[in-house]
Amino acid sequence: MSRKILVLPGDGIGPEITREAVKILNACREAGLEASIEEGLVGGAGIDAHGVPLPDETLASAKAADAVLLGAVGGPQWDKIEDLSKRPEKGLLGLRKNLNLFGNLRPALLYPQLASASSLKPEIVAGLDIMIVRELTGGIYFGQPRGIEERDGERVGYNTYIYAEHEIERIGRVAFEMARERGGKLCSVDKANVLEATILWREVMERLAPEYPDVALSHMYVDNAAMQLVRAPKQFDVIVTGNMFGDILSDAAAMLTGSIGMLPSASLNEQRQGMYEPCHGSAPDIAGQGIANPLATILSVAMMLRYSLEAPQLAERIERAVGTVLDQGLRTADIAFEGTAPVSTQAMGDAVLAAFQAQ
């Protein structure tokens, strides 16, 4: 069965890094992957061409696709747009909402070749391999009511932190399944000593636990989890948490690895349709210079093959190819050591392609 892949380069460095990832996708097709590749506009590119960050044709193509590969959205040229619903980032949020992408997978994996690039001592982070499972469509980012209004002569801003049982249960199942496939440890992060919504979160996680007797469930308050990620990160295997806490913790975990330019992500719905993107942003300050790191986007393709396209062997080939290139000493500027000459975006992509094809 032929699969459909939609590529959305987006803004900033997005077109440069997705170009390298598409090379790898085409190599996968040559290796037997039955898939068609289509390209579309999103974010600032959508605004410039159609006046909206998520054009109708892009959304229609995304709904028809098995997987979406996104580069990055946003840039200073669109920061003056006063209507927040017309900002580039709303294109990303619109895709998440319309595709019902409730589960976000953010690996924090330290490649041994890059251990010295971490901000922590090598002995603390060596062998680090964490998967953060973040609920993506509920919580305080989407809760109603919300707004800014006048009360008693002053402006008041308010938001609603809300989770329904079914939202917690479905992300919980994703996390338990992930822990079962990995090291068998799941840490649920909440703030159940203060927030009723996360008291319910903890109750639902506890209720699911007997269905997964091979997974050891623990709980941690989010403030302690942030501290433990820096103090002793290797205690974690899989972390599951809500939208806001996951947003913060996954970025903190990302920097344990030395470069956010190495880290992919996946956002899935219940049918395993997914959107795959690097964890980094559009980096407008280096856009067009050919120096961006494409590895996070290439590794996002590996996640796509594993979780949406049922091609885990090809995913492993990509991951091995990235390891080979790092073994060869090739580094883009963000992961280059002092005294080493960084390679270009294209050179890094070509090297991964060669290592992939050599297997």
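Glycine residues also receive a Cβ, built from the backbone N, Cα and C atoms like all the rest.
The annotation substrate binding site is assigned in Swiss-Prot to ARG96, ARG106, ARG134, ASP223. Swiss-Prot lists TYR141, LYS191 with the feature site 'Important for catalysis', giving sequence analysis as the kind of evidence. Marked as Mg(2+) binding site by Swiss-Prot on the basis of sequence analysis: ASP223, ASP247, ASP251. If you look up Swiss-Prot, you'll see GLY281, SER282, ALA283, PRO284, ASP285, ILE286, ALA287, GLY288, GLN289, GLY290, ILE291, ALA292, ASN293 marked as NAD(+) binding site.
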Site of maximum Cβ density within 10 Å, from binding-site residues GLN289, ASN293: ASN293
Candidate with sparsest Cβ neighbourhood (10 Å radius) among ASP223, ASP247, ASP251, the listed binding-site residues: ASP223
Cβ neighbours of ARG106 (substrate binding site) where a neighbour is any other Cβ within 10 Å: 23
Recorded positions (ARG134, LYS191), the one with most neighbouring Cβ atoms at 10 Å: ARG134
Neighbouring C-beta atoms (10 Å sphere around the C-beta of TYR141 (site 'Important for catalysis')): 16
Neighbour count (Cβ, 10 Å) for ASP285 (NAD(+) binding site): 10
C-beta crowding around GLY281 (NAD(+) binding site), within 10 angstroms: 16
Alpha-carbon spacing, ALA287 (NAD(+) binding site) to ARG106 (substrate binding site), which is rounded to whole Å: 24
Residue pair ARG134 (substrate binding site), ASN293 (NAD(+) binding site) - Cα distance, angstrom, rounded: 25
DSSP state at TYR141 (site 'Important for catalysis'), helix/strand/coil: helix
Candidates ALA283, ALA287, ILE291: member of the binding-site residues with the richest Cβ shell (10 Å): ALA283
Candidate nearest ARG106 (substrate binding site) in space, where candidates are the recorded positions TYR141, ASP247, ASP285, ASN293 and distance is Cα-Cα: ASP247
